[in-house]
Amino acid sequence: MNLFGFPRILLAHLPTPLERLDRLSKELGGPEIWIKRDDCTGLSTGGNKTRKLEFLMAEAQALQADTVVTYGATQSNHARQTAAFASKLGMDCHILVQNRIGSTDSNYTSNGNVLLNHLHGATILRCAASADIQVEVAALSEELREQGRKVFVIPAGGSNPVGALGYVDCALEFVSQIRNRGLAIDHLVTATGSCGTQAGLIVGLRVANAGIGLTGISVKQPRAVQEENVFNLALETADLIGRPDVLTRRDVVADSSYVGPGYGVPGEDTLEAIRMFAQLEGILLDPVYSGKAAAGLIDYCRKGRFKRANKVGFLHTGGSTSLFAFDAFFADCHETRTSSP
Ligand SMILES: *Cc1c(COP(=O)(O)O)cnc(C)c1O
């Protein structure tokens with residue numbers, strides 16, 4: 001489907017693969033788990049922001065912007081994909097970052113996504129974790145405009161109705177993949193943060209009349225707040241594509257039981273999920289988003305929340321680049337034996 005004629009710059013590697021996780025499914029004793037590999041969208045190590053940016057950057061281009069400004073946590077995957085996309089289009093990229101976990105680990109402050117942002121030629125501006133980011137963004141944008149730049153501001157995580165179109169499209173892609181293969185996947189699990197991914201998926205699954213349940217695993221906000229935010233964005237997104245009545249409040253489920261110590265800090269269950277995917281399936285998750293979503297998925301399986309005979313989907317949203325920033329959480333991974341001939 002041409003997604004309702006919205007301007008779009010095709011850059012992601014699509015469709016992303018849909019693969020069965022045999023060893024993980026067996027380890028958990030069922031259900032059959034399938035993974036949708038949006039960590040493989042192709043742009044600068046991939047991830048879910050690339051689909052959103054196909055629409056957002058097309059909007060920026062249509063407005064003849066030459067500079068994009070965005071913001072996030074120090075290890076924002078969204079910032080990295082925005083910086084890479086801007087490079088591809090020959091635009092300048094300015095990123096405001098906040099060290100939201102207060103880490104002084106130099107790998108956290110300089111490696112992982114931060115290293116790649118610099119490699120892509122982005123300008124990074126640190127601001128205090130306590131600062132009002134909207135005020136900072138407005139001030140930076142104004143300064144750049146005074147220098148004669150045409151500035152386009154991309155919201156946190158690329159999550160507005162235009163960005164969410166990327167995940168309306170992902171839902172349609174997923175539904176067509178499972179229908180073509182005759183796969184009866186009846187539930188999908190994904191991480192949910194700035195809401196664009198879940199909001200877009202809800203709308204897309206509804207538009208496709210898929211009959212697939214969706215659970216977002218919150219990485220930060222308590223359930224009520226997250227569900228309200230997702231619902232509002234889903235309503236705006238449905239409006240944008242001319243299908244205002246396509247969803248109801250009951251379509252929105254965000255479980256906040258797996259946030260752990262807080263946003264951007266992995267708990268034991270998240271670290272276990274990262275190891276399980278790495279060692280059973282050769283797949284890298286991340287400590288901030290996909291690892292928490294996987295911790296939720298694993299716990300649901302262990303608690304028998306899905307029927308054993310069922311098939312469940314897991315949307316991998318990417319983020320493994322930040323493993324290099326969080327290596328302190330994997331202290332035992334530093335041990336290497338010396339050979340003794
Ligand atoms: C941003 C991000 C998410 C969350 O997606 P939202 O659309 O912000 O809810 C999940 N996983 C990864 C790896 C991300 O970078």
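Cβ coordinates come from backbone N, Cα and C, glycine included.
As given in TrEMBL:
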- 10-318: domain 'Tryptophan synthase beta chain-like PALP' (DOMAIN)
- Lys49: N6-(pyridoxal phosphate)lysine (MOD_RES)
- Ser76: active site, nucleophile (ACT_SITE)
Q) What is the number of other Cβ atoms found within 10 Å of the Cβ of Ser76 (active site, nucleophile)? A) 28
(Q) Across the domain 'Tryptophan synthase beta chain-like PALP' (10-318), what does the mean pLDDT come to, as a whole number? (A) 98
Q. If you skip the near sequence neighbours and keep only those at least six away, which residues in the chain come within under 8 angstroms of Lys49 (N6-(pyridoxal phosphate)lysine), Cβ to Cβ?
A. Asn77, His78, Gln81, Thr82, Gly157, Gly158, Gly318
Q: Please classify the secondary structure at Lys49 (N6-(pyridoxal phosphate)lysine) using three-state DSSP.
A: helix
Q. What does DSSP call Ser76 (active site, nucleophile) in the simple three-state scheme?
A. coil
